[in-house]
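According to TrEMBL, the protein carries these features:
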- 12-65: domain 'C6H2-type' (DOMAIN)
- H212, H310: protein binding site (BINDING)
- D229, D240, E367: Zn(2+) 3 binding site (BINDING)
- D240, H303, E336, E367: Zn(2+) 4 binding site (BINDING)
Amino acid sequence: MAGGSGVAEPASLSCASCGKPAHLQCPKCVQLKLPREAAAFCTQECFKASWNFHKPVHLKAKSSESGIDTPDNEGWLYCLKKGQTRTAKLPYFDWTGALRPYPISSKRIVPAHIDLPDWAADGIPKVEPNSDLQHVVEIKTVDQIERMRETCRIAREVLDAAASVIRPGITTDEIDLVVHEATIAAGGYPSPLNYNFFPKSCCTSVNEVICHGIPDARKLEDGDIVNVDVTVYYKGVHGDLNETYFVGNVDEESQRLVKSTYECLEKAISIVKPGMRFREVGEVINRHATMSGFSVVKSYCGHGIGELFHCAPNIPHYGRNKAVGVMKAGQTFSIEPMINAGVWRDRMWPDAWTAVTSDGKRSAQFEHTLLVTESGVEVLTARLPSSPKVFPWLNV
Ligand code: MF3
Ligand code: CO
Ligand code: CO
């Protein structure tokens, strides 16, 4: 803007639509005292033509009037009610450890060419909760298995991309952006996005967070541990895996926790074969975790997976569980033990997603999607030669 007065004359404003000199102001913007630059138009015709793009400006102003949004945080707000509500103030809670939620960024966009699961638009899974596959364990067809292999490989590559950017100073929101972009670049949809209103494209669970942590504005700190849980929807099927990473230099007890959790999953996978009872998985995990002086989370279990994100079988990770049934070739499911440094009990943050340890001590998790084969098991989300070498016990 030319001139040194600092007060813009009406004619010095240009049309928000076409750029020509503007002589009109949107009356709604004037009423809401919104910035004059975005409210200026040359003619009624231009104003009408740009209405669909201009209208959302008013909505944002309304949310800031009600105190839900503020102009200076650019839409970064704390998550409440599973993702259905946001708030500018840190919610009150009897926090169990040192970690706190941070504001989360606005919803990420998925391009039109990506095939969507049925919750993408409104947050509500429709097929999944009503399916027979919540009760009977599906035997996958050759075609389903081939698609599961492809999708699980993509999910692995997406998780590896996330792992490669982890360092002190990066926010979990930035990790989520990497997961989101990598998933879409591969032609997939990030299954967590809007699943029961989950607001982000992956779960990031730091320190005392057991699972389902929401990526937010908190910067990872030297000494943190962080689990990244990725699920990809591609060619009509889901692939699900997670790993827990070290941020900078981590204390020895946390290193022991993460390594023991990795071993729990390896030992559980080693018993998978046709005829094995699902309830044995928890026995193996419980034995190794307790032997190491750790405890096993009970509230979250492994699950069947395929065309549905979560279905039968339900696979507890703790001992003396009542899981029903035996494994059969052609079944696909996840095993994803969550192991705590202290007590097994979990509590829920006010966002209604983040599960934390009740004593505030740390928790670790690893997850794979598995296929039961005639001879044993195929780890569909197995590490690749290209996977980053981030676990010292895997480096020979
Ligand atoms: N990936 C998680 C699992 O292992 C589920 C995340 S659901 C979400 O089952 F909504 F929290 F993303
Ligand atoms: Co899972
Ligand atoms: Co997962």
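Cβ from N, Cα, C; glycine included.
Shown here: features listed in TrEMBL, placed on the structure.
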{"residue": "H212", "record": "protein binding site", "contacts (Cβ under 8 Å, 6+ apart)": "F198, C203, S205, D229, W353, T354, A355"}
{"residue": "D240", "record": "Zn(2+) 3 binding site", "contacts (Cβ under 8 Å, 6+ apart)": "A155, S191, D229, V230, T231, I305, F309, S334, E336, E367, T369, T381"}
{"residue": "H303", "record": "Zn(2+) 4 binding site", "contacts (Cβ under 8 Å, 6+ apart)": "H310, C311, P313, N314, I315, F333, S334"}
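Taking H212, D229, H303, H310 as the candidate binding-site residues, the subset whose CB lies under 6 angstroms from any atom of ligand 3 consists of D229. DSSP gives E367 (Zn(2+) 3 binding site) a strand state. Taking a Cβ distance under 6 Å to any atom of ligand 2 as the criterion, the binding-site residues H212, D229, H310 reduce to none. For the domain 'C6H2-type' (12-65), the model's average pLDDT works out to 67.
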